[in-house]
Amino acid sequence: MAELVSIQKYDSPPQKDNPPQWAVRAIMPENGKGKDAVSCLFTTAPLTSSYTISPTSETPKDLRSPGKGSFHFRRPPVAVEWRNIELTGTGDKPILKGVSGKVHGGELTAIMGPSGAGKSSLLNVLSGFTRQKVSGQILVNGVERDMRIYRKLSCYIMQDDHVLPHLTVRESIYLAACLKVPSSVSKKDKQKLVEETMESLGLIERQHNKASQLSGGQRKRLCIAQELVSNPPLIFLDEPTSGLDSSSCLQCIELLKSLAQEGRTIVCTIHQPSARVFEIFDRLYMLASGQCIYRGRSKELIPFLAEQGLQCPHYHNPTDFATEVASGEHGDWIGKLKHAVDAKDFFEDNLKLAEECIYDGRLEVGLQASTLCLLDNDVTAPSFLAENDLEKGYSGYATSSWNQFKVLTYRSLICTLREPMATQLRFFAHVVVGILLGMLYYGIGDDASKIFNNSGFLFFSLLFLIFTAMMPTVLTFPMEKTIFAREHLNSWYSTKIYYMAKTVAEIPFQFLFPIIYGSIVYWMTSQPNSMLRFGLFLLSSIMISLVAQSVGFIIGACTSVQNAVFLAPVFTIPILLFSGFFISLETIPPYLQWLSYLSYIRYSYQSVLLGIYSMGRPELFCDKIFCPFQEPLDFLKEMDMLKGSLYVDYAALWGFFFAFRIVAYIVLWYRVVYNR
């Protein structure tokens, strides 16, 4: 078997309308002695770069560009081929119907088609975002796709350019570098990498602006910048020009073109681009009703349609005309075009031609189309990525679990501190409501004649803490969930590390705000002058806050913000009804009493009452002639809580906390990671 040495562009300039020529040079053993060089010449489509291949080279794990002052990591080129991909939706409705194709390194490929043609569905399948109800074969440089490795080679930038709004541009890119670039790279080098990335994407002037202050085009560039810090060789983008004006749209596609010219494989969906934007794309993959009706060079689209009998008017935008054809406005051409595409097999023509030129009796080199487009001339790389090579260089995450945890915890803390609703408004609400309730229930805690008013105050305090902990989570977590989905898919970090960091970062605030609120209302309402009882009141307040936030995580992980805002109060109402406040526990019908044990509010309310009125509290003050509940234990008996236990209540609350956190993690994992 021969070994490929180099592929080099032929020196003589190509003639007009003729593609350039390429020289392939290989070596082979001669009777086991020495090596003879064999060269051949073949013609193929225009390519962007030449390179040299070392017969003994291995896939570099992290290779800096030598001598250029760049801290970007080199990646081998990637070609992705898909064969007979089928995707079914709800009710087994076919979305993709046996589509095939291939994308190459160093090229910008557009996936186009009318609405409902399956553009985003195909992109989701190719990127690995959708894996359910998919059949067919996807190859990476001729090797069957391994998702664990594939996720390290590729990145997926979704149509909705969600970024953390309270981080600056520099912070967003730097934290991405801390997660996507190996820990062995120094902080100084990472900072330089961030500088280079911002400069190359035109974000340097906005580096100190928060993401919420950026325009749509700038946010899209920020999303791209976050992924580019690890220099992935394969980039997928879903509608990168969505919501942009014509100027920003052109700038975005030109940026993608420049990135592709550096050796990357870039695939994006786009809906009816302008003629000027369309000319930038190297290749086009056209879909109609889940079938491919064209794949090949973008400039060859109109000649291809003309060969089939479809003449594009001179005044027409080629993409508009192609979309009209795909939509059936010029008749039913989908079947004929699909047949023509399958017959011509554009992508395989170049590959077969190259293999025929190289093959010569004793000489055979399995040349992949992706080997024709690599990085710069001074970079060595293998002609294909064998599975073992990939596992050496691209297994796992870029950094350790501990580093992921530190970075994500820091990021969550920063975002929470800068979120007005999570900090300033909550602090203001706890202080103002605490003072208001303290004034309203001033001095009633030691008055036996107002004991039911005091119990109402205690219950309302718990209710207030429940909603102030639950609702901010319900409102913010669904948006952050979409960011997590993108970052996890692109191998920034693992699910469990993200969730642990999120939990740890949120816990201090669930301690702080109940303590602030409790310190105000407890003393203003003249509750028992005992640090033990005060501590128990704060503990119950903290526990109900932690449990309520856990419920918020579950609801936020399950659905969208719009649905979550409605579902959170609806799910809380049954929990309130079985808390023992509106109806005593013994009054609940026997066939429903078991539901009271599922009410976490019951245990928190009971723990508060036991902490205030049990443990040998002396008789309460009473200025009335008769006070039936001057003895605190009589009141607990009336509330059916005399037999309650603080240990049981706190154990139950801790149980609810851990159970709900685990459920929220499972829901998040299932919705975002598993059920794709």
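Glycine is no exception: its Cβ is also placed from the backbone N, Cα and C atoms.
Among the ranges 1-21, 85-105, 127-147, the one that TrEMBL lists as region 'Disordered' is 1-21. Residues belonging to the domain 'ABC transporter' (80-314) score a mean pLDDT of 90 in the model. Most Cβ pairs within less than 8 Å of the transmembrane segment (536-557), among stretches 427-444, 456-477, 497-524, 564-585, 651-670, belong to 456-477. Long-range Cβ contacts of the transmembrane segment (427-444) within its own chain (Cβ-Cβ under 8 Å, at least 6 residues beyond either end) map to 450, 453-454, 457, 460-461, 464, 468, 513-514, 516-517, 520-521, 524-526. If one looks beyond the transmembrane segment (651-670) by at least 6 residues along the same chain, the residues whose Cβ comes under 8 Å of a Cβ in the stretch are 481, 484, 495-496, 499, 503, 540, 543-544, 546-547, 550-551, 553-554, 557-558, 600, 603-604, 607.
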